[in-house]
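Take a look at the structure set out below.
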Ligand code: GLY
């Protein structure tokens, strides 16, 4: 247990009285909760970035909902209690498996508005504008989350109105914010003021502190329109009118026609074998599943487990496979509806073996010498939640506004933050985006196109049944964090808590740097430097939400120790 903090717990009873919210109706206590990092369960488990969201998911499971119901309710709750990344103004991906064994991949990624074009973010001299793709109205793609939620509902049991009710109540009645949330809202105060001409719920006269109440009445009204009108409650009518008005106030280009044209798309899940397990992950327009498959399979010819977890030999091998996969990402990956991604070639066994020919154990590789391959032409803020129920329904959802609090623009009158996902396109070949990722033709901006993602919601199957449900936020570090979490479980046989929380590392081809997380063993850093690697420390890499099924069928859900992430189960 990691209590919100003592001072605030002491305050909470008073806040509860003052707020008079219908906590019992919600089955959660918006002003009195703590962060539970681990939950063991036999009936069902939920893990997400916020304790209230995980508890709402748990309440839905207890009410008779399945993992899909719980995922929808958890996601909607995150849109209220975790405004930095939970969202209805963003997009994402879902990977699932039904109790009957059907695997699913749902793409609710944002699209470029019809008025977008390849050079949208270039000035007259051809230089990329430093902020327009990252903050403010022009950085937003057409949101996909609400369409994704309604598609997900095809596999749910309970009425949608029951699943959205907790989110409405939390938005209307408010909830006590965590210390992390208070810090985030204070940090971005100036941006909220800069990118909004109307007052927003996120700015107030005095700094936020843990335990303060955040009420979002405009967001509650939008959620009620979604409840009452379904998809048109978001993509048409009053909400669409408010979006268009906001665009006009701030120079954005999302139109009513863009909103009404948006559709979430079911994709063929990416499936591949790894050491006796089968991994199910996300295909394009997320690079995540393809990178994960490439990285896991490029390690296969080497005795990774014998090297030892986070040993210099293991980290070097994994760094070199990350380098090669990310070089391919920059050159070959984008929305496959718009660009001929050589998908089969990228995953071809002979190709992946050939990619490792210039790997030299004990000596640092080079991103200048090792660029993208030539596969056969065949053909920091996001959030993740994992849910598993006793019937075997498994749901892995990663969703995002892109940067923390997205574009920082709140749709006036509708109360939700717009994403800044346009920055995930390649604004100009070779020019890095927010995450330092480069790209080219494959990921150039085009109207209606989906920007390349790194999100990697995944399920690992054993004998066809869910064995691990896993995913994380973290921009380009997402595929490498999922890669390392799976290797930690499968190769190094770490327990799920250690698999999530041990320090991680990341290489993405360019820049040619190994990022190591704070706390990474000093002697391993020194050994890597001696091999010729350039290292940089990052305060954190990823926030992994993992559910693993133990022998005998018990589930263990682990919320990452790096944030407010919380597990729930029964
Ligand atoms: N916005 C981060 C990603 O989609 O990868």
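Cβ atoms are placed via backbone N, Cα and C, with glycine included.
Note that TrEMBL annotation is computational and uncurated.
Here is what TrEMBL records for this protein:
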SIGNAL    1-19  signal peptide
BINDING   109, 400, 401, 402, 424, 453, 454, 475  L-glutamate binding site
ACT_SITE  382  active site, nucleophile
Taking only the binding-site residues 109, 400, 401, which one has a CA atom nearest to the CA atom of residue 382 (active site, nucleophile)? 400
109, 400, 401, 402, 424, 453, 454, 475 bind L-glutamate per the record; greatest CA separation between any two, in Å, is 14
List of residues, in chain order, with Cβ under 8 A from that of residue 453 (L-glutamate binding site) and at least 6 apart: 93, 109, 285, 286, 287, 288, 400, 424
Residues sitting within 8 A of the centre of the 109, 400, 401, 402, 424, 453, 454, 475 CB atoms (L-glutamate site), not counting those, run 90, 91, 382, 419, 421, 451, 455
Those binding-site residues among 109, 401, 453 lining ligand 1, judged by a Cβ under 6 Å from any of its atoms, are 453
Count the other Cβ atoms sitting within 10 Å of the Cβ of residue 400 (L-glutamate binding site), across every protein chain shown. 31
